[in-house]
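*Asks:* Taken from TrEMBL, the feature transmembrane segment covers 21-40, 46-66, 78-101, 107-130, 142-161, 167-185, 206-224, 244-262, 282-303, 309-327, 347-367, 373-392.
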């Protein structure tokens, strides 16, 4: 595929995610102002843990879908049932965690519903992409935006203050309603033991990586919540959320196009073409990263974020952005591990990175007394650089 054709396909799928992405960008500063910096910081931290559970379970389903469905479309009905069971498991896990933490029942149920919808919605979205149902995917995303807008507007129209529980309910409804209206009647098939072993083995290893990759990001918020003043922590979480979600959006748009193509090229024995596609994907992602840094630094006031509250001011903003860029870039750089099915090595490398993050933060903050903000952010950047470099250096051999 030519570079221009590849870019057009990336734009085609990426534009479907642009409007929801822009909506999420607008929602973050609005929630920061409406809830207040302290409440927003707590909400952002809890949401990070709920999303970690949901996205980890979702990866068990979606990563095998991306890997196998392009050349095994007859397995679609098997994945439908698999996704439903995984979604129920994610809901039970999220609800149990938050009930154990002592939050209100409505809060726990909201995050359970959010997790259920995240897993099932992720699998539906992947199915739309692989079956080239672009307009259905676009409608799915549009309905998600409309759903959360309605839920958030209801208390405000009644003259009531917006609560964190209202936001969580909006997230849950925005995940569930599009599935009910647009996913269609599910067709299920009973999988064989061999299929389950193959799918779970591949998906669980990828999900283990995702869970380990998410732990430092949510742990960073937990550490800095205790180390920073409430106002400064609110500013940090807003910048971190904007950049992390922004690069997640860019990564998702790229991988919708790149991962099926990389898998097909590698399975066909086209190693040189696979390597070129991977380099092209990284080049596009790097360009998006440079653009994001420039836009955020140039328009920070538009996001209603008090950059002066952060250590180093705009330098702090740039460092947070680079950490988010590098963290999502790791999932592109390690594609040689995934394609050659060396996911155990991939997970082990990530485990070393996570251990390094916790060792550096504990040692430099607790023992040496360095400023927590710089230790946390620079540790994230260092882990991303080392991991990405090792991933890209791997040979594409079976």
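For all residues, glycine too, the Cβ spot is worked out from N, Cα and C.
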*Asks:* Hey, would you say the transmembrane segment (373-392) packs against the transmembrane segment (244-262), going by three or more CB pairs under 8 A that are 6+ residues apart?
*Replies:* no
*Asks:* State, in range form, which of 21-40, 46-66, 107-130, 206-224, 309-327 has the highest count of Cβ pairs under 8 Å to the transmembrane segment (167-185).
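*Replies:* By Cβ pairs under 8 Å, 107-130 leads among 21-40, 46-66, 107-130, 206-224, 309-327.
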*Asks:* Looking only at residues six or more beyond either end of the transmembrane segment (206-224), which have a C-beta under 8 A from one in the stretch?
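*Replies:* Counting only partners 6 or more residues beyond its ends, the transmembrane segment (206-224) has Cβ contacts under 8 Å with 41, 44-45, 48-49, 51-52, 55-57, 59-60, 63, 233, 236-237, 240, 244, 327, 330-331, 334, 338, 343, 346-347, 350-351, 353-354, 357-358, 361, 365, 372-373, 376-377, 379-380, 383.
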*Asks:* Check the transmembrane segment (21-40) against each of 46-66, 244-262, 309-327 and return whichever range has the most CB pairs under 8 Å.
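*Replies:* Most contacts with the transmembrane segment (21-40): 244-262.
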